Structure formats: structure tokens, C-alpha cells
Amino acid sequence: MIVLGVALLAACTLIGVYLGDLLGVALGVKANVGGVGIAMILLIVARLWLSRRGSLTKGVQFGVEFWAGMYIPIVVAMAAQQNVVAAVSGGPIVIIAATGSLVLCFGAVALLSRIGRRDPGSPEVEHGGSVIGGQADPIVGAPPAIPAARRG
Amino acid sequence: MKFGHDVWHGIEHVFVEQSLVAAFAVVGALILVSNLAAKRFTKGRVHGSAIAIVLGLALAYLGGLYTGGKKGIADIPALAGIGLMGGAMLRDFAIVATAFEVDVTEARRAGLIGVLALALGTIIPFLVGTLTAVAFGYHDAVSITTIGAGAITYIVGPVTGAAIGADSTVMALSIATGVTKAVMVMVGTPLVAKLIGLDNPRSAMAYGGLMGTVSGVAGGLAATDPKLVPYGALTATFHTGIGCLVGPSIFYLTVRALVG
């Protein structure tokens, strides 16, 4: 059932955010520490567990993947409500601090991504891209086991 | 004249009443236009989502000018649903959903790089922020730390500032730094992605930890390559918490020891 997938996603999110709040309190921080990250790990574990038990149905998968596919539209809506006026009118101190840290961090990404060997990329990663990219059709050459759920 | 006014009023009424549904329609239209523009004018070299995000930011700017509010276009009553659709609740819900597509072995292999990236991604922006603050004539530890924390993310800035008692102008400066960084990450990432090797899960995890700001990373990766989203998000979501942890404590104490 599709709603079970949505409920699974909701449960993982709620538990993760709750644990993130607890972690924040435990560390004495007035913020949620990694709640969304914990929720993501919970969802990954739940998926592995369900597929091992053979109870990862098309409906459950569709319920989660629908929201993964809504990711980009939600991000566009997020962009449309940023306080861009404040960002643009911040003055030199804001521009310099933001640009400086951005350039150095991009440089650090370049360095870190050269550590270790390069990944050739797996079909699972590519499949994830098509789901999150909001494509409803199976990509050519994708493993046949997964795209069956595309149409929910 | 009267009739035209009624029609307009009626449409506005529907948009206000059905705010989230209206947001789905508006954002869908925006993405449709962006995808067409990407195909027609850039021959697919620029991602449609990158154009959509930049358009979104442009609308946020216009909305901010028009209403004088802080929530971009969502401050216009008929478009308030954008605020719900792109707010933290649904944003986090969708980010968690992307984890369903994570290749576990890839994520595990890059775990150490993610941790290293988180450490660097907290220290580098803080250093840049504090040095900028000092260069612009701030001498007290509280202001320097608050502005430095703002360069980490726009949440770490005010949380740190509130904890150590910064005044409101410095807080505003700190938030503005964080917001500017987030906007620059969204727009800049697709431009430099090739240059910094951002094309696989490993570098996406490094990127998430280094850039930190969840909205920046979410937007930047969506505009670059959707397959990288869950890996970047996985590390980025720990970034703000860690920043809030070290900002008012280790970082503040260090700055205070240095400037007296």
C-alpha cells in the first residue's frame, strides 16, 4: 500500500528529528544535531530490512519515491522564499565573508574528492538520480528489477 | 471594469484558500518553463532545475522588494503556499525520502571523507568570517565569533550570537552572511561542479560536509545532478548541529583567548 511507504517515511523522519533533538539536548546545544541525517540512515536500514524480508512492495516503494521525486520542486519553492533582498544588500563584509569561505570550501571539495580511487559509478546510483530527478520512466539500461515500480 | 476586478479577486481568493495546491501548480509551471528554456536556449547544457532555482531566487528578490518581508515570494498572500511547500518541514521530508535511493556501499566507503569534510567545512568558513570581521574593524570576541559563525550557516550564526549575547546589528550581519553563502552555493555549484570533481557519491559527501548549509547544498546538488543529492544531504544535515555545538563553545573561547 502506498500510504505505508509514506507512513514509513514519516515515521523515520519523526524518529530521526526526535533523536536529533535529544542529541542536541545531550550536547547542550540549542539546535537539532543531525536529525535529518539520522532519519536518512533509519530509512536506509528500513529499506534493507524490508527487502531482505521480501516485503518491500511496489506500493511502499512508490510512497517513498514519490516524495524523493518531489525533491526538486520543493527545493525550487525553497529558493523562492529565501531572503534574497537581505543577501544582495548585505554590504562588503557579507560578500567577502561569504565568497571567501565559498571559494576555499570549493577548493577543499576538489582536494578531498581526489583522495582515494575514483568510483566508476553504480547502476543503483544512476537509478537514484532518475527517481530524484523526477523522471517517471525507467532509464535505458537500468537493472530490470527496480524500474518495475515506476508506475506505482 | 467591475467584472474584471471580481474575476481577479476570485482567482486570488482561490489561491489564498488553496495555498498548497496553488504552490504545486505555480512551481510546476516554473519548472516546465525552465526545462523548455534549458532545452531551447542552452541545448541541455544547463540543467532545467538550475534555471528553475535561479528563477526562484529572482522571484524571491522581487517578492522581497515588493512586500518588504523576509520570506521572498511567500510573503505575497496568494503565494503563501510556496512557504509551506518549500518550508523546513516538507524540505526535510523530501530530503529523507532521497535516502531511499542511497547505494549503501558507496556511502559507507565515503564515510571518513564525510567526517573530514564536516570538520573542514566548520573551521574554514569560521576562519574566513572572523578574519573578515577583524579586517572591518570589529575587536570584541562576541561580534567576531558571531560573524564567523554566520559564515558557517545562517542558523549557526544567530544561535551562536544568542548564546554569547551579540547585539542585533551583528546578528543581522551574521544571518545575512549565511543567507548570502546559501544563495551563492545554490547558484555557484553547477558552475564549478566539473572543476571540483563533483560527479560521484564520494565527492558529493565531501561537498555536503564542506558547504554545510542544507538549503545551499539541497539547491546546489539539485541544480547539478540529482543522483548526488542523498549523499550530499547525508553529511550536510550534520553540519548545522556541529556548528551550533562548537560555535558558542570552542570557537568563542578560542577567539576570546586570542583577542582578550
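Here the Cβ of each residue, glycine as well, is placed from N, Cα and C on the backbone.
What TrEMBL says about this protein:
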type: DOMAIN; residues: B:11-258; note: domain 'Malonate/sodium symporter MadM subunit N-terminal'
type: TRANSMEM; residues: B:20-38; note: transmembrane segment
type: TRANSMEM; residues: B:50-66; note: transmembrane segment
type: TRANSMEM; residues: B:78-100; note: transmembrane segment
type: TRANSMEM; residues: B:112-138; note: transmembrane segment
type: TRANSMEM; residues: B:144-164; note: transmembrane segment
type: TRANSMEM; residues: B:171-192; note: transmembrane segment
type: TRANSMEM; residues: B:204-224; note: transmembrane segment
type: TRANSMEM; residues: B:231-255; note: transmembrane segment
**OP:** May I ask which of the stretches B:20-38, B:50-66, B:231-255 has the most CB pairs under 8 A with the transmembrane segment (B:78-100)?
**Re:** B:20-38
Subject >> Listed stretch, out of B:20-38, B:144-164, B:231-255, that has the most CB pairs under 8 angstroms to the transmembrane segment (B:50-66) >> reply: B:20-38
Original post:
Counting only pairs at least 6 apart in sequence, do the transmembrane segment (B:112-138) and the transmembrane segment (B:144-164) share 3+ Cβ pairs under 8 Å?
Top reply: yes
**OP:** State the mean pLDDT for the domain 'Malonate/sodium symporter MadM subunit N-terminal' (B:11-258).
**Re:** 88
**OP:** Report the listed stretch (B:20-38, B:144-164, B:204-224) having the maximum count of Cβ pairs within less than 8 Å of the transmembrane segment (B:171-192).
**Re:** B:144-164
Original post:
Excluding the flanking five residues on each side, which residues at least 6 beyond the ends of the transmembrane segment (B:20-38) place their CB within less than 8 Å of a CB in that stretch?
Top reply: 14, 44, 46-52, 55-56, 78-79, 81-82, 84-86
